[in-house]
Every structure is written in C-alpha cells, then in structure tokens.
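Novice: The structure that follows is given in the form of structure tokens.
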Amino acid sequence: MTGKERRKIIIEAIKNSNEPLSGSALGRLTGVSRQVVVQDIALLRAQHYPVIATNRGYIFSDVHKFTRILKMQHSNEQTEDELKTIVDLGGTVVDVMINHRVYGKMTARLNIRSRRDINNFMQDIKSGKSTPLMNITSGYHFHTVCADSQEALADIQAALQKKGYLAEILPYEHVLSNHAK
C-alpha cells in the first residue's frame, strides 16, 4: 500500500467513525506504526483536511456554518449541566478559552458534541489531578459553540442565559470574540 492509499484509508476511517480514532487504532488498520500515522495526519492537515487531534484520538472537524463565542461563569458543579444544555440544543462545544490578565489567552480543544463526550470529559476531570481551566479565572471562561443554524445558536444562548451561565463580555474582551461567524 502506498502512502497516498494509506492516507485515503485514514481519512475515510476518521470521517466515518462516530468516535475519535487513536493513532494506534489507525496504525493497526493500515499496518503501520502510530508514528507513521502521526506523520500522515500532518501531511493531511497540510493538504487542508480538517483533522483534529483530541485527547481521545483523531476526529474530522464538523463543518458548521454558524459559530458563536460565549462568555460563561459558573461553578465546577454546573459544568455538566452547561455542556448538556449546549449539546441537547444541537451545539458543539469546540473549545474552552480563558483570558488571564497575567498569563494571557489560553485555549484547549474540547469538541464535545454528545452526552457520551460529556460523560467522558467529566470522568476525565473527576479522575485527574487537574481542575477545569475556568478555575484559574474564578469560573469565567469562553466557549466557541458551533451549530447548523443561527436559530440553534440563539436557542443555546437563551437557555444558557436563563440558567444564569452567561456573563457579560467586557469592552477589552470584544477582540476575543471578533472571529466568531
């Protein structure tokens, strides 16, 4: 099998999978090492394939037309409800970002789009020694949220507002949300 054929198999496997695929799993599928898969993924990204690495493996980026950055503030105990509110209304939580006055902007990819993803994320948080990124900024954080329509984004924003999770974007923070579509 040539490298080109192998990369085609990798792309199709990632596209058609309902779950992230690890480099090891893709290596077993194509008969190469995980390191070769990592190199193949780098080549695919260079060819503009929207492959994203998550902590659970590789996924094909959802292509949503509509994106919004929302500023949130809540407790650790409310995190699961916040995420469920977003995905239950058709949203994907692309990332979490904080804006620390000393450390600057820090972003972590999440790509949470289902209750299964939420359960996995919450289990990772509960079983680890780390705390959510928002704890650095007293619960304040931003999420990039994607959905298939502006109406879905409006519904998500309204539900989060009703639950008291949305926070006001301050004047100096508007530059953080300007790249939303």
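Quick reminder: no glycine exception, Cβ is built from N, Cα and C everywhere.
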Novice: Based on TrEMBL, name the residue from GLU82, GLU151, GLU168 that is recorded for the same Ni(2+) site as HIS74, HIS141, HIS143.
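Specialist: My reading of TrEMBL gives GLU82 as the candidate in that site.
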Novice: An 8 Å radius from the center of the HIS74, GLU82, HIS141, HIS143 Cβ atoms defines the neighbourhood of the Ni(2+) site; name the other residues of that chain inside it, in order.
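Specialist: Checked against the 8 Å cutoff, the neighbours are LEU70, MET72, GLN73, GLN78, THR79, LEU83, VAL96, MET134, GLY139, TYR165.
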Novice: State which of the following binding-site residues has the fewest other Cβ atoms within 10 Å around its Cβ: HIS74, GLU82, HIS141.
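Specialist: Lowest Cβ count within 10 Å among the binding-site residues (HIS74, GLU82, HIS141) is HIS74.
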Novice: When you measure from the Cβ of HIS143 (Ni(2+) binding site), how many other Cβ atoms are you left with inside 10 Å?
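Specialist: Result for HIS143 (Ni(2+) binding site): 25 neighbouring Cβ atoms inside 10 Å.
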